[in-house]
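Data block below; observations after.
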């Protein structure tokens, strides 16, 4: 207070008081909003950004759901690239479809009037996603058509709040996911737009100007992160422009250093021309990327249940949808090789997840409920697949000293031989199979041989004899589906 007199007390606080004050300040620094335990800062260079450690939750999650929903869901024909195929490439099937079903003066923008989401219920979606066994979702907030599923101030009324549903779709799904499930919430964003005039001007200028990213993509990205706080930011659509045009490194440095999700957010590798499979938090490399072998960098297999399209198709025959057996096979192979599995669905224009998609999601969830122990929080083993028997894939949990052998097909010889795990000669493990028993024995060469035809209904009881003490055999319940995904475990240690 001005004009106050000293009381004669020392101006420097005593040592005990100083320590108390310091402790309080440290405590407050952890509690105040905006403060973080993060100490490392990242520079806007790929060398610095690529050195960031991927948040552990992503590798542990293994399985996510991709959602493609937009104006392209209204024609429901061909794919989400409908506008481009019709107007730019003029592919006959798309041109003929429009001639047969719409008047000559019909514009693509007119489809937005029919994109109403009449039966869209975010909580119903959340229930289906939870039942699938997935641990995260990635929602397409804007595809290459440029229609935003939230109130963007940079989209000139070309968004779901001002047209079509007149609802903030991103917000509704975010609230449903975070309040009703334990899934992580992620967002997809296409950097470019096919017919945005600002982007086309920049492209004509060989991307020496940056009208579009300054006016559209960058404001959108900052808005998405600050408003919805996604834990995954899934970039796509570089439009053949380099990352310097998109200001990608500057944005990612802000995302990792300053944003509200800096400690938990995960990013992919589609931030500019030639970045894919080279730079980013994890690699996607291409759509439906599934190398079949271990990679040195974390990766994700983004694939779709409809083999021909990422969006809803009214004209899709049943044969174009993956079976549950095919889905489980891809999931197991992906995880065994160190990848995450991002499985896509396409709701229809009314916001309904069609029965075929819902069935596949719930079937996957049923399989994961039984066998998820061999998927979630696992690491690749020294061998990804078996050297003797095809369609046998391995995962591991090093901290628990366990290996999982997942077989997807019972051999016609009625004997399953595992060449990679090494067992003590004469070791046996009994698997109770309701009224039958599956017997696995280790032979003199260390191979494991399991005999008995596998039935479709399973119960279990553990039992073993002649095993070394450092081997642990455990028995999960086996799944009833035709995909024979029996999970066999044993210790990582070698004889």
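Using N, Cα and C of the backbone, Cβ positions are placed for all residues, glycine too.
The domain 'Glycoside hydrolase family 29 N-terminal' annotation in TrEMBL covers 37-373. The domain 'Alpha-L-fucosidase C-terminal' feature in TrEMBL is assigned to 384-428. Marked as signal peptide by TrEMBL: 1-37. Annotation source TrEMBL lists site 'May be important for catalysis' at 302.
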So for residue 302 (site 'May be important for catalysis'), how many other CB atoms are inside 10 Å of its CB?
24
Helix, strand and coil counts within the domain 'Alpha-L-fucosidase C-terminal' (384-428) (DSSP)
3 helix, 18 strand, 24 coil
Can you tell me the three-state DSSP label for residue 302 (site 'May be important for catalysis')?
strand
